[in-house]
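Before any comments, here is the structure.
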Amino acid sequence: MYGKSPARVVLLLLGIQLTALWPIAAVEIYTPRVLEAVNGTDARLKCTFSSFAPVGDALTVTWNFRPLDGGPEQFVFYYHVDPFKPMSGRFKDRVVWDGNPERYDVSIILWKLQFDDNGTYTCQVKNPPDVDGVIGEIRLSVVHTVRFSEIYFLALAIGSACAIMVIIVIVVVLCQHFRKKRWAERAHKVVEIKSKEEESLNQEKKVSVYLEDTE
């Protein structure tokens with residue numbers, strides 16, 4: 001047997017240590033967990049991730065669907081360098097890529113939601129050598145109308161307050177405008193009255209002067 005040089009032994013040990021450390025660097029996936037959308041509309045299924053390895057051509061993204069009423073898992077979407085849409089099934093011509101791997105975004109858009117789209121959508125990202133990690137899940141509920149949340153109520157309250165303030169400002173401006181208009185009309189009338197009075201006095205003076213001259 002040939003003896004191993006110290007350098008080769010060190011490299012071998014270093015390789016073993018690095019191999020043991022790689023599984024620790026797992027992909028972290030972030031999803032909204034719960035999503036509610038109205039029947040017939042489009043929904044963006046957001047999925048972002050973080051990885052210790054740089055994003056490259058080895059990145060793969062797999063979207064699957066588990067129906068709410070059970071049944072086998074269904075393919076939704078796949079990405080590897082280019083997006084691959086389903087060629088058949090319920091999601092054919094209804095799903096489009098809306099991600100940007102450079103921004104660690106692997107989201108998709110689901111078109112024309114139906115009530116049987118209710119269920120759990122899973123987002124799995126592999127970025128070798130980061131291939132381990134928890135699969136992201138989104139629980140989608142397709143409803144007739146979206147329930148108002150506290151955010152909607154807050155937005156409605158703020159919008160109503162702004163509308164009321166705008167109405168108040170308009171009323172104040174209109175009141176000032178009409179008040180100035182009334183004052184202008186009154187001033188014009190006063191000027192007309194004074195002009196008539198002066199004209200009448202001038203006529204009286206002319207008459208009195210004429211009478212004096214005739215006498």
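Glycine is no exception: its Cβ is also placed from the backbone N, Cα and C atoms.
Residues in the domain 'Ig-like' (23-141) partition by DSSP class (helix H, G, I; strand E, B; coil) as 8 helix, 57 strand, 54 coil. Taken from TrEMBL, the feature domain 'Ig-like' covers 23-141.
Under the heading signal peptide, TrEMBL lists 1-26.
Among the features that TrEMBL reports, transmembrane segment is placed at 151-175.
Residues belonging to the domain 'Ig-like' (23-141) score a mean pLDDT of 93 in the model.
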